[in-house]
Amino acid sequence: MAPWPELGDAQPNPDKYLEGAAGQQPTAPDKSKETNKNNTEAPVIKIELLPTYSTATLIDEPTEVDDPWNLPTLQDSGIKWSERDTKGKILCFFQGIGRLILLLGFLYFFVCSLDILSSAFQLVGGKMAGQFFSNSSIMSNPLLGLVIGVLVTVLVQSSSTSTSIVVSMVSSSLLTVRAAIPIIMGANIGTSITNTIVALMQVGDRSEFRRAFAGATVHDFFNWLSVLVLLPVEVATHYLEIITQLIVESFHFKNGEDAPDLLKVITKPFTQLIVQLDKKVISQIAMNDEKAKNKSLVKIWCKTFTNKTQVNVTVPSTANCTSPSLCWTDGIQNWTMKNVTYKENIAKCQHIFVNFHLPDLAVGTILLILSLLVLCGCLIMIVKILGSVLKGQVATVIKKTINTDFPFPFAWLTGYLAILVGAGMTFIVQSSSVFTSALTPLIGIGVITIERAYPLTLGSNIGTTTTAILAALASPGNALRSSLQIALCHFFFNISGILLWYPIPFTRLPIRMAKGLGNISAKYRWFAVFYLIIFFFLIPLTVFGLSLAGWRVLVGVGVPVVFIIILVLCLRLLQSRCPRVLPKKLQNWNFLPLWMRSLKPWDAVVSKFTGCFQMRCCCCCRVCCRACCLLCGCPKCCRCSKCCEDLEAQEGQDVPVKTPETFDNITISREAQGEVPASDSKTECTAL
């Protein structure tokens, strides 16, 4: 290999790399002294080589890769309290008060938007949800009952509504407790979609979105894994039905007062000004009431008067009279007296849509769009305010308080205390969706770790069942037994899930699965929407359709799919643990086409598809362009958005190159900086 011609005059100075060589140059020893090995008086010069330079370090690359799941350091960039004067301290105090007021205000509207969002979903899909329950003959299939529970809860965005429908059907003997248990399990899955939707609002920042989406989907994975294990056990043993039946028969419960509405006392005055719903219509549709199918869910009259009066009516014969004493004839027709109930409307409700007379679908669509906009805006402002408040000393105290374990002998108790805290907070706010949705932005900005959010979420599952138990105790006499048994089934189902997936650290699979999904969704942000559609809509609808076709069709399609999934999981486990037992071809997934083992081809398709819409948004306005970039992951086609400009600026930066002083040559330095002409560089490469 021929040397570079420019290196001919490059003479490295060895004195720079030898310590003690400068200033004293030893003379060459005589040959006699060289042969005399026992001469101990000869001067010994200690030579220590300085660290050499390696060509592997020419490119400046980070040696350590940061863990994306580490909590970010929230540094305080402002002036310290001790450095402020009296005027600055007073101003800082009032700024803190103002931020607290703004935070509480946005949190209030955030909770109200969740309530309006639930009402909007009920208006859009409430009657359809009631029709799912109307055919009670298909409820005997536990798998079908499970997917109906998922779909209905997703449509109405409220597990309380779907559970109340089930209680009404059980108390009316239209449904047995055994058939209602899978529906309750499905409702437990469907209610976890709310905080997953909230996590999508933090899609703008990859790191925040990774943590927020993982913190939201840990609830999903816990519910799915619990159902996959406990539903077959319940079908085989009916342990939930037996345990709850023994409890209900052992204790003589009496009707109590209504469950306390702690949070709704604050939010109801505002939400009732927006819209009010008659939720009995959904239950009446589920009870096969034909008149209810034509009723509107939007409540018009809030104050009515019901009265019973006796009215003279004609009957075909005297046998149809109410009693012999109240039956007479006028020679032509037979008459009797009947009690007739009539309802008189007194006062209308006071909300926006009371006088518009719009169909339920139109009202639901309007409320759905508005509630999502308010939800997104409030969440963005909550994150901004928390980011400005949780800095420096405050952030350190909060992180240590929430994420620190107890001392060594009692460290295992920390998670169980978090479960109790989650249950208590959910009982206060009366909704697991509200609690987990408020928890999601805190996970995203790095205040709470996923390992700590997991027991808090499990506690929220228990807290929402205690609310259902209190509501069941307030039920009327004919529905007390059935509603209480169903609420206890829900409670023991969540307790069983916690015993499966929390006490032993090895069994905490939801955390690992949520982190894996968070990494994928942070890299390909469209995959988060894909996950929601697949797991909460397509899979339940597919199972529902196959179940209606018959158990033979369900088994014929379902068994091969389940077998393939189990085979892939086992193969993946062997590849990661002991790949040597597998054939060389099966030790990785390279034998599959790229589109079957990687999301890159799909990402290119999605980027091209969304790129067309983004170009149109760019022509419309900058705001639409920004929204499109947040939704699809900011591809290069959108050039008017700031996030894309930042991305292109980062891509345009050159990688810094270090050159050691040994080869401090003008030509090499110019080539490293890109100043050498193309012809010269080509000549040198050819010589090499």
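Cβ from N, Cα, C; glycine included.
The region 'Disordered' feature in TrEMBL is assigned to 1-38. Residues or ranges marked as transmembrane segment in TrEMBL: 100-123, 143-167, 179-201, 221-240, 361-386, 406-427, 434-454, 484-504, 524-547, 553-574.
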At an 8 Å Cβ cut-off, counting only pairs 6 or more apart in sequence, do the transmembrane segment (221-240) and the transmembrane segment (100-123) clear the bar of 3 or more pairs? no
Contact count check, CB pairs under 8 angstroms to the transmembrane segment (484-504), set 100-123, 179-201, 361-386, 406-427; argmax is 179-201
Same-chain residues at least 6 beyond the ends of the transmembrane segment (143-167) with CB under 8 Å of its CB atoms are 117-118, 121-122, 124-126, 128-130, 132-133, 175, 179-191, 193-194, 227, 231, 279, 282-283, 286, 431-433, 464, 468, 471-472, 475, 479, 482-483, 486-487, 490, 536-537, 539-541, 543-544, 547-548, 554
The recorded stretch from 361-386, 434-454, 524-547 sharing the largest number of CB pairs under 8 A with the transmembrane segment (553-574) is 524-547
So which residues does the transmembrane segment (361-386) touch in its own chain, when a touch means Cβ under 8 Å and the partner is 6 or more beyond its ends? 99, 102-103, 106-107, 109-110, 112-114, 116-117, 119-124, 198, 201-202, 208, 274-275, 298, 353, 441-442, 444-445, 447
